[in-house]
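Annotated in TrEMBL:
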{"type": "TRANSMEM", "residues": "7-25", "note": "transmembrane segment"}
{"type": "TRANSMEM", "residues": "31-53", "note": "transmembrane segment"}
{"type": "TRANSMEM", "residues": "65-82", "note": "transmembrane segment"}
{"type": "TRANSMEM", "residues": "94-112", "note": "transmembrane segment"}
{"type": "TRANSMEM", "residues": "124-145", "note": "transmembrane segment"}
{"type": "TRANSMEM", "residues": "199-220", "note": "transmembrane segment"}
{"type": "TRANSMEM", "residues": "232-249", "note": "transmembrane segment"}
{"type": "TRANSMEM", "residues": "261-282", "note": "transmembrane segment"}
{"type": "TRANSMEM", "residues": "288-308", "note": "transmembrane segment"}
{"type": "TRANSMEM", "residues": "353-371", "note": "transmembrane segment"}
Amino acid sequence: MYRILSAHGLFNLARAFIGAVLIIYLTNRGISLSVIALAKSAQLIVSVLFNYPAGLISDRYGNKVTVLLACVAEMIYFGLMLHPSEQSVITGEMFNGLGIALYTGAYEAWIFTHKKGSEDSFSLISRSAEMLFIATIISGVIGAIFAQYSLHLSLAFMTVSLAAYALTPEKRKEIKEDHTVTSAFSGVAKLIKMADSNVLNFMFIGGLMQLLYQFWPVFFKNSPIHFSQKEVGYVFAASMIAQWFFTSASRKKSFNKKKYAGSVCYLGVLLSSVLTLLSPLYLQQYPVAIVLFYCVFISFCTLTTNYFFSQSCNLFSNAQDESSMISLLDTGARCIGALSLAVVSALNMENITFIWMAFPAFILLTSLTRISKRVLSYGL
């Protein structure tokens, strides 16, 4: 298990090196923002289109083979970005999307083969998230010092990750049921048939988190907060540390096994989102408090996503098509995220507070629906 987690940390470390500097690097090399936007769109399309087929490859040929292919795709992506042109940037981002599609589902299905005792789906997902946050924090420090070598560092660490995965033996899962899925249509049909509230919660919260990932810098740079670029960087570091702390603490306390886990997730997202949205209006003189509320907000969103994702994955545990079904879960969340961003773009929304109102609105709507069902069941 720890060998897989270490390789996972290296994989995310390689990807994180270029996260903060890639756009600046490309624009300095003469690549326009419109081309970068087109390339990112191509990445999203490829990742969505190949997500489920990648899961099928993983189910048939093994999780290890699929993860290794993901590492190769990412290495090609980094290589194409070293000497960028309009064509190489777009092609590179398509390979990046392919790498993401291959990695998603295959890695989770591989790490889930190590379920044992207290190491359940939630624990393993939390451990993986912890490695992601640690890798992001480390890459932020190293990347800031050696920004001009970010792509070289990414390529080097992805090569190490490839070697680490290649040397890690794959533990084959024990198949309890034959749920083989032969087409995307049958996979979607199975997901719809087996989907419960956990699946819907994961897809919607996971999808809405795209609104956090895309707009949090604008939230802090706009009026009335007016943070500098350096201060925004501090907020990013603080949010990574907060998410690592929440994820680590919830895993150690076996949060997912508590009866109140779902309610705490709902209440945490609701209260922290409202406090985050109101704090710039009433706490302008206390920027630390605003940052604190935001860190708690994104940490509860991460905890909630991890919790409902683990519960959703349990539906397909040890099934022959486990990897492809996990890929479908991820695809559903990505589609909802893309739809949310499309709505924001179509309505030309610029008020981040209004955009983020989607979180408390979703929680309230879901809670009212659950309460209504209980009232009706008692009445019947």
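Cβ atoms here come from the backbone N, Cα and C positions, even for glycine.
Remember, TrEMBL labels are computer predictions, not curated facts.
The stretch from 7-25, 124-145, 261-282, 288-308, 353-371 with the most CB pairs below 8 A to the transmembrane segment (199-220) is 288-308. Distant neighbours of the transmembrane segment (232-249): 20, 126, 129-130, 133-134, 136-137, 140, 216-217, 220-221, 255, 291, 294-296, 298-300, 302-303, 306; these residues of the same chain sit at least 6 beyond its ends, with a Cβ under 8 Å from one of its Cβ atoms. Under 8 Å from some Cβ of the transmembrane segment (94-112) lie the Cβ atoms of residues 1, 4-5, 8, 11, 39, 42-51, 53-55, 57-59, 63-64, 66-67, 69-71, 73-74, 76-77, 80, 121, 124-125, 127-128, 170, 173, 313, 317, 322-324, 326-327, 330, all in the same chain and six or more residues away from its ends.
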